[in-house]
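Engineer: This is the structure I want to talk about, given as structure tokens.
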């Protein structure tokens with residue numbers, strides 16, 4: 001892949017509401033290099049999912065442009081879809097299929113023949129350690145198993161860029177760590193990962209670089225270390241700031257400590 | 001075409017795994033056939049009722065049961081489930097022709113329509129109903145029923161795509177009642193009261209019903225058969241165009 005894995009310039013999304021137009025994303029610029037694990041953070045309603053949905057061709061772009069693996073997502077959505085894998089919030093799976101059937105179907109939609117699709121499904125089931133459950137209906141899977149299957153289905157066509165929208169929301173700590181391991185393994189195989197999350201620990205553990213979006217605009221961007229160092233330097237903090245501190249600072253929130261309890265107060 | 005086939009196979013698997021959604025499609029039309037015949041058969045004895053062409057009143061009622069069965073398609077509700085569960089977005093994020101996303105389900109609905117129509121007609125034949133137009137008429141009768149199943153469920157898919165809501169989609173199926181009952185359901189059109197005859201004349205389902213009835217009661221009478229197919233083709237073309245347009249603009 002030459003050039004950026006993901007690039008967005010002036011990305012804007014407006015919706016028509018009863019009280020007029022609502023601007024959910026107000027001009028996002030991003031550049032993600034091949035091989036990165038890039039974290040995209042923000043409070044609820046900040047524009048994370050809307051941005052991801054535009055980048056993954058699921059939402060039309062109101063203004064601005066975006067490329068994934070060098071392909072313009074608005075001009076050539078089909079080609080862009082061939083280069084990216086997508087696992088959205090709330091693992092989107094068909095409960096009436098088995099894990100194997102779902103992966104074979106996905107592979108066939110990406111143009112593989114029956115034999116090749118079955119072989120690829122087998123490889124992926126091994127990768128996400130779901131071989132034993134492969135021929136069971138998905139409706140019987142646990143939340144963690146569904147997430148891993150969703151990841152596998154996003155990888156079926158060996159995408160250059162993988163979009164993960166809150167991949168661990170609702171998972172127990174053990175399942176969360178398993179998903180992190182999968183994400184690292186996928187990245188080590190050369191796939192660029194674009195990850196949105198509400199968990200700052202997750203971003204700290206996984207991401208080489210991250211951006212924080214608030215009110216539809218990117219308010220911070222950099223490596224976790226550089227963002228923490230910038231905060232310490234700017235505010236003169238006596239302790240080493242965490243990513244939580246960076247997030248609260250970037251989104252205009254403060255943390256008030258009272259008698260050991262921690263409460264979040266909107267500034 | 002390959003993508004439509006793959007998605008159609010998935011929809012058929014889904015139907016196979018939820019027999020509780022299919023069985024009423026078979027049971028309720030047969031129930032209505034038995035009830036309607038039980039209520040009106042003595043009014044229309046076969047020997048003295050010209051429009052029965054020597055057959056029982058059950059033969060006259062069979063099209064109503066076939067159309068009822070064809071109106072029980074589940075594709076639209078499964079589509080809403082896909083949308084609400086996020087699987088529809090998964091499919092949209094794949095390089096799949098947008099048209100294939102709706103055509104796959106419609107293809108499966110056609111196959112289900114064929115199976116159900118064959119089952120109902122076969123049961124009717126066991127109880128003495130004859131298909132007067134012969135083997136070709138039998139095939140046309142099944143085809144017309146299955147095509148209407150596709151058209152009707154395609155119209156409900158429009159509501160599903162527009163509202164993305166199961167309750168709204170379910171309510172949409174209530175359109176079945178005026179379509180089904182403003183027809184020459186119990187007697188031929190010329191025996192209806194004048195206002196009912198006018199309503200039936202404007203109802204496209206009337207022509208389907210008359211076409212099916214002709215295939216059951218008459219030799220191949222193309223003059224009565226073709227309007228039924230014309231209705232299916234015209235309404236079907238509008239339904240398909242609207243589905244493709246809606247899914248192409250789905251955000």
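Every residue, even glycine, has its Cβ placed from backbone N, Cα and C.
For B:20-250, the entry in TrEMBL reads domain 'ABC transmembrane type-2'. According to TrEMBL, the feature transmembrane segment maps to B:21-40, B:60-80, B:101-129, B:135-160, B:167-187, B:225-247.
Can you walk me through where each of these features ends up in the structure?
Structural biologist: Away from its own ends, the transmembrane segment (B:60-80) comes close to residues 11, 14-15, 18, 21-22, 24-26, 28-30, 32-33, 36-37, 44, 51-52, 88, 102, 105-106, 108-109, 112-113, 116-117, 120-121, 124, 129, 141, 145-146, 148-150, 152-153, 156-157, 159-161, 164-166, 169-170, 172-173, 176, 179-180, 183, 185, 205, 208-209, 212-213, 216-217 of its chain (Cβ-Cβ under 8 Å, at least six residues beyond either end).
Within its own chain, the transmembrane segment (B:101-129) is flanked in space by residues 3-12, 14-15, 22, 25-26, 29-30, 33, 55-56, 58-59, 62, 65-66, 69-70, 73, 75, 78-79, 88, 91-92, 138, 141-143, 145-150, 153-154, 157, 161, 216, 243-244, 247, which lie at least six positions past its ends and keep a Cβ under 8 Å from the stretch.
Outside the transmembrane segment (B:225-247), and at least 6 residues removed from its termini, the chain residues within Cβ reach (under 8 Å) are 98-99, 101-102, 140, 144, 147-148, 150-151, 154-155, 157-158, 161-162, 204-205, 207-212, 214-215.
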